[in-house]
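Before any comments, here is the structure.
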Amino acid sequence: MNRVLADAENAHSSSVESCPSLRDVHSINPTQLMARIESYEGREKKGISDVRRTFCLFVTFDLLFITLLWIIELNVKGGIETTLEKEVLHYDYSSSYFDIFLLAVFRFKVLILAYAMCRLRHWWAIAFTTAVTSAFLLAKVIISQLFSQGAFGYVLPIISFILAWIETWFLDFKVLPQEAEEENRFLIAQDASERAALLHPGVLSDGQFYSPPESVAGSDEDSEEKQDSEK
């Protein structure tokens, strides 16, 4: 008998523990949900997200850093004007660094167009730029004679290769997942606000309540005395 009572108490306690979820549903504050939805809508109207803006800044840094290294390489070889004429006007695939600079310009234009102007939410653009960069740099390192030209023969291809793959990692593991998570939160908050509107249709006005006037103390005794006097 005691075992049966213990089982009944356990079942009752488990049912009580399951009630907070229902209480949580009824305790939803529509005002807070609407404020959260408005904050998400404000972010959408503001433009690109913060993490996407950071990605675009890193793409810009990629172009500027490769340009800086290329200018330093032009100065080291004997002056900007002479080396620039040699590498640009008399371009040679096996000894020129001008194509690595153009590769950085290519990555910058494609990624900014795709992820800043068009606000693309797919990885195909970064996959294309990274694949082109990797294939070009591998072919240039194998075929050309960059390693015989000093330290820049190692630095420019390696830095360009690393920056391209960092951009791929940052977009694939930071930008796209975080934006998808924020969108899911917005949809959940919007759904919760609709449910809260159904659960709390509105606050009742004062006119919908009626309270009878309070009875005066001793009114029952007075009525009985009046009836006796009338009899």
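The backbone N, Cα and C atoms fix where each Cβ goes, glycine too.
Keep in mind the model is a prediction, meaning the values are calculated, not measured.
What TrEMBL says about this protein:
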DOMAIN    48-219  domain 'MENTAL'
REGION    1-22  region 'Disordered'
REGION    204-231  region 'Disordered'
TRANSMEM  55-76  transmembrane segment
TRANSMEM  96-116  transmembrane segment
TRANSMEM  123-145  transmembrane segment
TRANSMEM  151-171  transmembrane segment
The transmembrane segment (55-76) vs the transmembrane segment (123-145): 3 or more CB pairs under 8 Å: no
Positions whose Cβ lies under 8 angstroms from the transmembrane segment (123-145), at least six residues beyond its ends: 93-95, 99-100, 103, 106-107, 110-111, 114-115, 157, 160-161, 164-165, 167-168, 171-172, 176
PLDDT averaged over every residue in the domain 'MENTAL' (48-219): 85
